[in-house]
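Undergrad: Handing you a structure now.
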Amino acid sequence: MQKFLELKPVSYINGTIYLPGSKSISNRVLLLSAMANGITCLTNLLDSQDTQYMLNALRKIGIKFFLSNNNTTCHVHGIGKAFHLSHPISLFLGNAGTAMRPLLAALSLYENNVVLSGDDRMHERPIAHLVDALKQGGATLEYKKGIGYPPVLTKGGFKGGSIMLDGSISSQFLTSLLMVAPLALQNTNIFIKGNLVSKPYIDITLNLMKSFGVNIVNDCYKSFYIKGNQKYESPGNYLVEGDASSASYFLAAAAIKGGSVKVVGVGKKSVQGDIKFADVLEKMGAIIDWGDSFIVCRHNKLEKIDLDMNHIPDAAMTIAIVALFAKGTSIIKNIYNWRVKETDRLSAMSKELKKVGAIIKEGRDCLSITPPNFFKFAEIDTYNDHRMAMCFSLICLSGISVRILNPNCISKTFPSYFENFLKISRFD
């Protein structure tokens, strides 16, 4: 395994990037396809560690699927119902939250005996709000080690009914409930306690459910009504749009050191909230052009930003890097859920930004970033977090080199990231 990657100073950014499929959409649509009536042909599926964990789990559950085109096309043979296993199994899901949470819910419908576990970091990521909600709906679940964290044993039994869910930590808990509630015996009312984070990710879920023939009643994200005893119907073919979070690095590179960059696979018609990253770049001064399925960013003088970024939590990490190249102190707010991602991203970003010379103030749910007077060469710890590696690659646009430790962590979502980044990089 490669210990580090040193990126030399890049003098200019220019080119076109064809985005891999969205991770958020890929794992959702794989699960929906497995539970739907009929065969679904998925194209532009993301080929990454996280999708492999989902596919491996579906195979172990008994779902038939066939991969082609370098694992980006997948024919999924749906079973037309929730999963019911005749024998106990264990599923290892690494650090893939988009597999762990929805699969736990899906396996909590019929009577089952399944243990879901992951790597060390997954066992530090809270899951109590989802477990509590499933128990309210009649499911039987047990923590196998620490209370509130995976691994978790589910024995099934979720029937629906009235459920109170804390929405303040992760939208994936709500996504998981929404996706399985139509298959429950009873109607389900989900009432949200607290402020729901990352609402655009819920919009992705609702959009996908609609594509598979299921609609729900959304009362301003305060409550959700889902009719029970429904069935998902395969749409036949489904094209996974490009990953908007992955687009952020290339758009940011153009804003900092363009030239221009065109990202193909997301645009005005995208269902992902992270496309609003381009709006933030525009507010900072970058020049943005939109198409139905592409975004173009051109360099311009960048100014500080002071924004609530709860709606783009993953792409907001890239804004923290862009802020290093802007005039003035930028403040990124309402990002507490960074702390329960692949690593504690607030703490990690704070430490690594200081290494390159930035003045950082870290709050419970915010980050203040003052650009360096001059950039310093640094070895960047990635904390086995793919987004840390991709974000800090942009430091090479500062006129100095940067060394990224454990660069292979990008395989979680974007194995070819560095290859693509170098394609649009120009060197003196």
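Cβ coordinates are placed from backbone N, Cα and C, and glycine is handled just like the others.
The active site, proton acceptor annotation in Swiss-Prot covers ASP314, and the record cites sequence analysis as its basis. Annotation comment: Swiss-Prot describes LYS23, SER24, ARG28, SER170, SER171, GLN172, SER198, ASP314, ASN337, LYS341 as 3-phosphoshikimate binding site. Look at Swiss-Prot and you will find LYS23, GLY97, ARG125, GLN172, ARG345, ARG387, LYS412 tagged as phosphoenolpyruvate binding site.
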Undergrad: Within 10 Å of ASP314 (active site, proton acceptor) (Cα to Cα), which of the binding-site residues GLY97, SER171, GLN172, ARG387 do you find?
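TA: The binding-site residues close to ASP314 (active site, proton acceptor) (Cα within 10 Å), listed in sequence order, are ARG387.
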Undergrad: Among all the protein chains here, how many other CB atoms are within 10 A of the CB of GLY97 (phosphoenolpyruvate binding site)?
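TA: I get 20 for this one.
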Undergrad: Please give the greatest C-alpha separation between any two of the phosphoenolpyruvate-binding residues LYS23, GLY97, ARG125, GLN172, ARG345, ARG387, LYS412, in angstrom, as a whole number.
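TA: Between the outermost Cα atoms of LYS23, GLY97, ARG125, GLN172, ARG345, ARG387, LYS412, the distance is 19 Å.
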Undergrad: Please identify, among the binding-site residues LYS23, ARG28, SER171, SER198, ASN337, the one with the smallest Cα-Cα distance to ARG125 (phosphoenolpyruvate binding site).
TA: ASN337
Undergrad: If we check Cα distances from SER171 (3-phosphoshikimate binding site), which of the binding-site residues GLY97, ARG345, ARG387, LYS412 wins as closest?
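TA: Of the binding-site residues GLY97, ARG345, ARG387, LYS412, GLY97 has its Cα closest to that of SER171 (3-phosphoshikimate binding site).
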Undergrad: Would you mind listing, in sequence order, the residues at least six apart from LYS23 (3-phosphoshikimate binding site) in the same chain with a Cβ closer than 8 Å to its Cβ?
TA: LEU46, SER48, ASP50, THR51, THR98, ASP243, SER245, THR413
Undergrad: For ASN337 (3-phosphoshikimate binding site), which of the listed binding-site residues (GLY97, GLN172, ARG345, ARG387, LYS412) have their CA atom within 10 A of its CA?
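TA: Of GLY97, GLN172, ARG345, ARG387, LYS412, within range: ARG345.
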